[in-house]
Protein chains: 4
Amino acid sequence: MRELPPSHPFDDDKLKEECGIFGVIGVADAANFVALGLHALQHRGQEAGGIVSHDAEQGFNSARRFGYVRDNFTKASLMETLPGPLAIGHVRYSTAGSKGAVIRDVQPFFGEFAMGGAAIAHNGNITNANALRRELIERGSIFQSSSDSECIIHLMARSFQSNIPERMKDALRRVEGAFSVVAMTRTKLIGVRDPLGVRPLVLGKIGDGWALSSETCALDIIGAEYVREIKPGEMVVINASGIESYRPFEPVEPRFCIFEHVYFSRPDSIIGDRSVYETRRQIGVELAREAPVDADLVCPVPDSGTPAAIGFSQESGIPYAMGIIRNQYMGRTFIEPTEQIRNMGVRLKLNVNRALIKGKRVILVDDSVVRGTTSIKIKQMILDAGAAEVHFRIASPPTAWPCFYGVDTPERGKLLAANMSEEEMREFIGVDSIKFISLDGLYRAVGEATGRNAKCPQYCDACFSGEYPVRPADMIAKGFELKAAE
Amino acid sequence: MRELPPSHPFDDDKLKEECGIFGVIGVADAANFVALGLHALQHRGQEAGGIVSHDAEQGFNSARRFGYVRDNFTKASLMETLPGPLAIGHVRYSTAGSKGAVIRDVQPFFGEFAMGGAAIAHNGNITNANALRRELIERGSIFQSSSDSECIIHLMARSFQSNIPERMKDALRRVEGAFSVVAMTRTKLIGVRDPLGVRPLVLGKIGDGWALSSETCALDIIGAEYVREIKPGEMVVINASGIESYRPFEPVEPRFCIFEHVYFSRPDSIIGDRSVYETRRQIGVELAREAPVDADLVCPVPDSGTPAAIGFSQESGIPYAMGIIRNQYMGRTFIEPTEQIRNMGVRLKLNVNRALIKGKRVILVDDSVVRGTTSIKIKQMILDAGAAEVHFRIASPPTAWPCFYGVDTPERGKLLAANMSEEEMREFIGVDSIKFISLDGLYRAVGEATGRNAKCPQYCDACFSGEYPVRPADMIAKGFELKAAE
Amino acid sequence: MRELPPSHPFDDDKLKEECGIFGVIGVADAANFVALGLHALQHRGQEAGGIVSHDAEQGFNSARRFGYVRDNFTKASLMETLPGPLAIGHVRYSTAGSKGAVIRDVQPFFGEFAMGGAAIAHNGNITNANALRRELIERGSIFQSSSDSECIIHLMARSFQSNIPERMKDALRRVEGAFSVVAMTRTKLIGVRDPLGVRPLVLGKIGDGWALSSETCALDIIGAEYVREIKPGEMVVINASGIESYRPFEPVEPRFCIFEHVYFSRPDSIIGDRSVYETRRQIGVELAREAPVDADLVCPVPDSGTPAAIGFSQESGIPYAMGIIRNQYMGRTFIEPTEQIRNMGVRLKLNVNRALIKGKRVILVDDSVVRGTTSIKIKQMILDAGAAEVHFRIASPPTAWPCFYGVDTPERGKLLAANMSEEEMREFIGVDSIKFISLDGLYRAVGEATGRNAKCPQYCDACFSGEYPVRPADMIAKGFELKAAE
Amino acid sequence: MRELPPSHPFDDDKLKEECGIFGVIGVADAANFVALGLHALQHRGQEAGGIVSHDAEQGFNSARRFGYVRDNFTKASLMETLPGPLAIGHVRYSTAGSKGAVIRDVQPFFGEFAMGGAAIAHNGNITNANALRRELIERGSIFQSSSDSECIIHLMARSFQSNIPERMKDALRRVEGAFSVVAMTRTKLIGVRDPLGVRPLVLGKIGDGWALSSETCALDIIGAEYVREIKPGEMVVINASGIESYRPFEPVEPRFCIFEHVYFSRPDSIIGDRSVYETRRQIGVELAREAPVDADLVCPVPDSGTPAAIGFSQESGIPYAMGIIRNQYMGRTFIEPTEQIRNMGVRLKLNVNRALIKGKRVILVDDSVVRGTTSIKIKQMILDAGAAEVHFRIASPPTAWPCFYGVDTPERGKLLAANMSEEEMREFIGVDSIKFISLDGLYRAVGEATGRNAKCPQYCDACFSGEYPVRPADMIAKGFELKAAE
């Protein structure tokens with residue numbers, strides 16, 4: 001039941017955003033809006049989803065399910081159990097918790113406090129969750145999940161503050177890491193971003209009500225107007241009478257996740273007033289300037305390489321073409337036929353446009369290289385179809401470090417770029433050339449005209465640079481070694 | 001259970017291919033290959049699928065299921081019930097039969113004859129099925145389905161011929177219409193195309209065995225080599241010792257379905273030695289020549305408009321851009337929230353790239369216009385996002401006549417082009433301009449350098465021209481009026 | 001999905017009735033009544049059930065499902081698809097057909113004829129089905145099931161008669177064996193019993209309408225009044241204007257199945273004006289007279305041995321007690337724990353009342369012994385609980401011959417009584433004594449004061465006597481040897 | 001999915017035991033034994049079940065499911081997730097918690113403590129749960145369920161004791177009410193009964209391991225030997241080296257629930273060295289002495305009235321007969337046919353043996369009368385079948401007070417006997433006579449030769465006497481009024 005067709009043909013070789021969050025207040029049947037918002041955020045987490053709503057008569061109600069939003073939160077029988085004008089929701093990949101997926105790890109989490117209940121959903125990762133958990137258990141808290149997010153709600157339960165927003169401030173000040181939070185009490189919708197603002201959170205207006213969302217594309221689906229981003233370190237508390245803004249944390253320079261631009265966010269979302277699609281196209285333009293090559297066709301690796309491929313084609317003048325076609329119906333695990341089919345897994349998802357590729361020099365544009373395993377498979381398909389040359393152009397710098405801020409990354413030893421030079425990667429993958437955009441080129445594409453400020457980088461780019469803006473305490477306790485100071 | 005996310009965002013406003021067929025002989029566990037082939041043909045029919053296999057020990061086995069191939073024919077428990085080196089399969093949209101989908105209408109059909117059993121699967125439509133059915137019932141045949149295909153198997157059962165290929169010839173000579181057939185006996189795989197060759201059927205080689213398929217993309221997925229097309233009016237009988245070719249019908253000039261080029265076939269399939277993708281790109285080129293317009297962006301209506309949009313951009317020099325983003329997770333029917341969301345149905349599937357579109361003059365390239373209802377919705381989304389101008393360019397001529405050869409078309413009164421001139425359509429849809437490729441332009445794009453031969457057209461283009469190469473007898477009996485002779 | 005908790009704790013060692021049939025005409029929503037009737041007949045067939053209804057507007061509708069009536073035909077969504085004032089239904093064990101259960105083998109069968117459709121459901125077995133089937137296939141009929149019942153509908157389709165009742169007469173005259181049939185056209189409900197009347201069929205009155213049922217207990221559940229039995233060899237045709245009775249067959253002396261009294265029918269049904277419960281109690285009385293034994297307790301093997309155990313206790317004066325308790329929740333296959341549990345299968349279903357049994361001399365009353373395997377298990381449970389003596393008393397004569405008239409019996413070699421004398425059976429099972437009621441005793445208990453008429457037995461008792469009133473032609477063709485004439 | 005066929009034909013008019021508990025230590029694959037044990041205890045709770053196991057390598061694992069044990073805990077795929085030599089389980093009716101059944105309310109509950117985890121399952125009711133819960137929430141505990149049992153595990157988490165058995169003692173000393181508990185740590189199986197011993201708990205030996213169970217019938221199913229009852233107020237801690245017994249509570253006179261004898265326990269269980277079946281038969285004997293009546297037949301209301309009916313028949317000499325037959329397949333809610341069927345609900349479950357009842361004076365023996373609604377329906381069925389007289393004999397005293405110790409009872413105003421005299425009940429039900437066994441008679445039947453000791457009753461009989469051995473604090477806080485002191 002839980003095996004789902006992956007969203008990307010090579011999900012097993014991509015970084016995975018762990019969560020999307022959404023909340024609505026001040027509209028009838030808020031849970032229906034949340035269901036739509038989560039559907040639009042499905043790319044941020046496909047394993048499971050949950051919604052909590054509150055209704056004056058029926059109190060808090062909750063539903064958490066494995067599988068797609070469209071398969072669960074579209075049934076009248078379920079949605080009727082989630083009444084009221086206030087609701088929050090969550091979609092997730094696997095959590096930072098235990099490997100086996102269990103429904104009790106699915107957010108939002110709900111807790112009943114002395115002054116009433118609260119529900120909370122969270123995108124990111126708490127880097128001192130293990131230590132906090134140990135301390136809470138020693139004092140008698142009982143954890144129901146293996147999720148790092150549950151710490152927040154136990155810290156809130158034990159706070160001496162007399163209202164929930166204050167309790168949440170208390171709790172979040174104990175927490176380290178990168179996180180965006182949407183939470184709700186019986187009457188309030190709350191949004192928070194960590195001091196660095198690593199993960200996104202935006203505010204929208206819908207009729208007389210308000211919405212909080214990981215991305216603007218989810219405001220579009222419910223017809224909400226995009227108002228602004230929640231600021232790094234900001235906490236907003238929204239109720240019938242309006243929005244209040246707080247600053248519970250010490251102020252620091254923000255470090256938004258640059259990989260949201262490269263891959264995580266949907267191309268139709270807006271970040272920092274720019275279309276994500278346009279940023280990605282611009283990465284392709286930069287890449288064509290940095291790493292030109294003589295060829296016949298520019299082909300995207302579908303679908304995430306498409307905008308950069310368009311940009312590369314436009315800058316280079318080499319025609320853009322759909323050399324690889326994606327099967328719209330994807331595939332789970334078919335039974336392998338007795339006669340061995342080479343690369344069957346890939347064939348279920350992609351097919352090469354043979355008549356087009358044959359005899360051509362092909363530039364393949366992909367968004368990133370993680371383990372390199374699928375780059376090899378794609379190269380082989382292209383060669384099998386008779387391509388004369390294969391050149392990879394990658395719309396991000398080499399991914400050489402794991403992310404500890406809410407993105408599922410292989411351990412460092414499995415990251416191709418942590419272990420090989422560019423030339424070694426070229427040989428390993430077996431192509432005529434491979435080039436990654438430079439870190440400065442990427443910064444230019446996202447709008448930093450002078451590139452990266454090495455002293456105080458404008459973004460979190462730890463996965464490329466190894467410079468972690470928040471100390472990953474739990475991982476260091478488990479033996480992770482930081483990059484040696486230079 | 002049967003409601004499936006449609007393959008195309010506007011499936012309710014597209015012509016629908018009714019079937020895909022696939023067969024394999026001479027490989028171990030043939031049914032696994034058929035499952036893969038049907039997965040690759042899923043775009044030809046999403047409602048249901050079926051596989052029949054034959055094994056020397058266990059005889060014929062059959063499984064028919066509603067839903068996607070990937071959701072049914074991937075389970076070991078099911079596939080183990082389909083052993084043997086010979087299997088055929090079928091995917092379908094709704095049938096020509098009764099409205100309520102019932103499993104007994106799902107192909108392949110199986111019948112036990114005096115000299116052994118046979119199974120048959122069919123793509124197309126038998127235009128004299130009603131008359132044949134009436135006659136067979138009067139003689140005591142009992143129909144189990146409402147499908148037109150079942151006539152063939154009853155005609156075979158009543159043939160006086162002593163082997164199944166001969167019985168099939170007997171049967172098919174009684175049948176009128178457009179059809180490609182794959183069938184199997186205990187030892188033979190059989191493929192047939194109707195005399196005009198309206199529907200496709202290709203032959204592939206897999207190891208020591210053979211495959212028959214609606215399209216070449218399904219040969220690719222199993223690693224089979226594309227050999228050739230089955231010829232119009234040809235019947236091939238394949239067994240352990242090789243292929244025999246027969247010509248059971250009176251020879252006529254072939255009339256392949258031109259809409260296979262425009263929309264039905266997958267872009268990575270090959271028809272008549274040309275990539276379907278390349279043909280569609282060429283339609284865009286022709287369209288840019290026939291109907292140029294000054295604009296800022298060329299955007300495809302995803303996904304079927306993409307190749308023609310690329311061609312239009314390349315010919316016109318106007319930049320290609322992804323102005324409309326498709327939600328990869330599609331959507332069934334979400335609960336409509338209380339606060340009305342305008343065009344919610346569309347929002348579940350598509351979102352406009354607002355930051356890109358705002359203030360731009362936009363050319364939208366779509367493959368066809370059927371009822372026009374979704375053209376209006378898309379136009380509105382683009383205008384809501386602030387586009388300065390909207391121009392539609394359609395990669396097919398106006399669809400003014402229903403298809404009776406295996407494609408699900410609205411009745412004539414509901415076809416926009418049957419009731420309006422181009423200028424009326426422009427006003428109705430509410431855009432700055434709308435232009436369709438000419439019939440001659442389409443013929444040029446598919447490779448007929450001198451365009452359409454009006455005396456003896458090279459293709460079946462009845463949906464555009466109203467010239468039906470086979471008399472639709474059943475429909476005429478129900479009151480359909482042919483185009484008046486000119 | 002298809003594995004169901006058996007109705008009797010030792011279903012694997014019982015003869016199984018193969019079918020129950022039910023039909024209603026002249027009441028609104030007839031299918032709901034049929035669902036209730038089938039629920040009351042569930043003991044006659046648990047594997048699958050089906051209902052066909054007819055409505056003036058919507059024509060014939062059909063639903064066939066594996067599993068219990070209560071799990072399928074209670075859903076409004078399903079029952080709404082079966083409208084109209086006329087419906088028939090069927091429950092079945094495994095069919096006479098192929099081993100693997102497939103839905104197309106589930107009755108009622110439906111066929112469309114030249115003058116309209118008809119549906120048919122059947123209890124019994126056609127002893128010349130193989131021969132008929134072969135002949136029909138040779139003439140071009142296509143069978144959809146492996147069920148013997150389908151022959152009837154093909155014979156009807158090929159009849160030259162101009163209405164369905166006449167076609168049915170034509171068909172049934174070709175058929176040999178034991179059968180009760182309910183059938184329906186668009187306006188008529190039809191009931192037939194074979195000339196010998198082996199299988200039961202009764203008529204009831206419900207409001208202005210009528211019902212046909214295998215047993216009277218199903219009339220009770222819908223509040224219908226029991227009118228009379230359909231007579232052996234009678235055909236009734238019921239419509240708006242009343243009932244017509246026909247005699248399509250040559251008259252012969254009737255031979256009702258005596259095992260219906262012993263085990264198949266429900267104890268609250270009435271056969272031949274006597275309560276089945278009372279008949280079974282009377283068997284216990286006869287048994288106590290024929291085979292008395294000194295003991296402390298009379299215990300039934302639940303539940304089918306209960307009435308005879310009550311009779312035995314009342315006649316003998318030995319106290320009746322529930323020495324074996326049946327688990328009301330039955331059990332499918334639990335995972336066998338690593339530490340071997342002896343007779344786990346039995347324990348899932350039954351438990352001995354240890355405190356009651358310990359040290360006692362126990363008479364166990366069971367309805368029949370087929371293979372003897374479960375008699376051994378029960379004996380062991382009783383001994384393990386500390387019984388001093390164990391005496392079996394069996395409420396039927398030794399079952400020494402298979403039934404070919406619609407009851408699923410092991411082949412002769414597996415019938416204990418076909419291979420052992422009574423004393424050998426006692427030793428094999430390992431009890432202090434075992435006694436079966438005599439054939440004459442059984443006839444007396446069912447009301448034949450002078451016992452069995454050996455020249456012309458009043459009942460079909462082939463399973464005890466080996467005297468088959470209808471020649472089992474198909475089985476003889478397969479090698480079955482009739483009892484040598486004496 | 002959650003609607004299940006009830007175990008008793010009139011479950012809606014019966015008191016319902018809320019739980020059964022079972023635990024095993026020292027055998028391989030302990031969870032399989034627990035599944036079997038829970039299957040045997042299914043009559044104590046049909047809504048849901050859960051199992052927690054512990055394995056040295058994989059730690060604690062848990063599975064909780066709605067529905068029957070046989071439908072969930074029989075699947076290898078599930079049972080393989082519950083490895084290890086130590087496991088506990090639980091079946092339940094609805095809980096004391098909120099009305100809507102949610103899986104998080106299903107036991108066993110699990111908590112991780114500072115020194116390791118523990119799981120706990122509980123039969124009974126904590127009468128001060130509301131107060132405890134309020135206090136725990138104020139201190140920051142977060143409750144995941146609405147179950148009263150969860151208090152115990154939070155009290156344990158907050159104990160300052162350094163091992164789990166001591167923490168459990170701490171917790172249970174804070175708890176008021178009636179409860180039997182099975183719990184487990186990583187290495188220990190723990191069993192506790194409340195000081196009064198209201199709910200049952202027995203100890204068994206299985207190979208080298210041990211089992212704890214609500215009833216002995218569940219020891220039988222796994223082949224365990226019954227050792228002894230856990231004593232009121234006793235706590236046993238079992239591990240590899242044996243059993244330790246503790247007495248954590250102040251000693252008081254025990255008050256076992258007398259209704260376990262009357263109805264809750266299975267007839268094949270042993271309580272206080274007596275067969276429950278035999279006790280119930282003896283109740284029938286006492287009843288025949290206390291309330292004789294001249295009649296033709298003694299019929300049980302199936303199935304729970306059967307033993308008392310046998311006793312009544314034996315003492316009175318009036319023949320025992322199955323006048324009412326139970327449908328073995330029970331029924332959920334069928335669609336009510338348009339033509340009204342009187343008492344359809346009853347007909348789905350029971351049918352009167354008309355031919356037997358007609359013209360007879362019938363004594364109906366039932367175990368209890370709660371609301372009286374079904375007594376009326378049964379009376380009507382018997383009269384409709386033509387009975388001359390109907391006499392009810394009830395194997396328990398009038399049920400006039402609700403139970404607060406783990407049994408689901410209607411509120412007092414809905415208990416027939418709380419509002420009517422015996423004569424009023426006779427008139428209300430409409431029978432010729434109705435008699436209940438006296439409280440003294442019941443005490444005699446359970447083995448107290450001199451009847452009830454009014455000063456210090458030997459059993460908890462609050463449902464009959466209104467004398468509550470533990471003050472129902474939460475209910476009194478909600479307004480329940482105790483019986484006025486006499």
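Backbone N, Cα and C define each Cβ position, glycine as well.
TrEMBL annotations:
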ACT_SITE  C:Cys19  active site, nucleophile
BINDING   C:Cys257, C:Cys403, C:Cys460, C:Cys463  [4Fe-4S] cluster binding site
BINDING   C:Ser304, C:Asp366, C:Asp367  Mg(2+) binding site
DOMAIN    C:19-241  domain 'Glutamine amidotransferase type-2'
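In terms of local Cβ density within 10 Å, C:Cys463 ranks first among the recorded positions C:Cys19, C:Cys403, C:Cys463. Neighbour count (other Cβ atoms within 10 Å of the Cβ, all protein chains): 24 for C:Ser304 (Mg(2+) binding site). Using a 10 Å Cβ-Cβ cutoff, C:Cys257 ([4Fe-4S] cluster binding site) registers 27 neighbours. Sitting within 8 Å of the Cβ centre of C:Cys257, C:Cys403, C:Cys460, C:Cys463, and not among those site residues for [4Fe-4S] cluster, are the Cβ atoms of C:Val198, C:Ile258, C:Phe259, C:Tyr405, C:Val407, C:Asp461, C:Ala462. Not a single one of the recorded positions C:Cys19, C:Ser304, C:Asp366, C:Asp367 has a C-alpha within 10 angstroms of the C-alpha of C:Cys257 ([4Fe-4S] cluster binding site). Applying an 8 A CB threshold to same-chain residues 6+ apart, the list for C:Asp366 (Mg(2+) binding site) reads C:Pro300, C:Val301, C:Ser304, C:Gly305, C:Ser375, C:Ile378, C:Phe392, C:Arg393, C:Ile394, C:Ala395. The number of other CB atoms found within 10 A of the CB of C:Asp367 (Mg(2+) binding site), across every protein chain shown, is 24. Summarised as a single figure, the pLDDT of the domain 'Glutamine amidotransferase type-2' (C:19-241) averages 92.
Counting only residues at least six positions away in the same chain, the Cβ atoms of C:Ala178, C:Leu196, C:Val198, C:Arg255, C:Phe256, C:Cys257, C:Ile258, C:Tyr405, C:Pro469 sit under 8 Å from the Cβ of C:Cys460 ([4Fe-4S] cluster binding site).
Of the recorded residues, C:Cys403 ([4Fe-4S] cluster binding site) and the residue listed as 'active site, nucleophile' place their C-alpha atoms 14 Å from one another. Apart from C:Ser304, C:Asp366, C:Asp367, the residues listed for Mg(2+), the same chain places the Cβ atoms of C:Lys14, C:Tyr263, C:Pro300, C:Val301, C:Gly305, C:Ala308, C:Val365, C:Ser368, C:Ile394, C:Ala395 within 8 Å of the centroid of those Cβ atoms. For the recorded site, C:Cys463 ([4Fe-4S] cluster binding site), the DSSP three-state label reads helix.
C:Cys463 ([4Fe-4S] cluster binding site) and the residue listed as 'active site, nucleophile' have their C-alpha atoms 18 Å apart, to the nearest angstrom. On a Cα basis, C:Cys19 (active site, nucleophile) lies 20 Å away from C:Asp367 (Mg(2+) binding site).
In this structure, C:Cys403 ([4Fe-4S] cluster binding site) belongs to neither helix nor strand by DSSP; it is coil.
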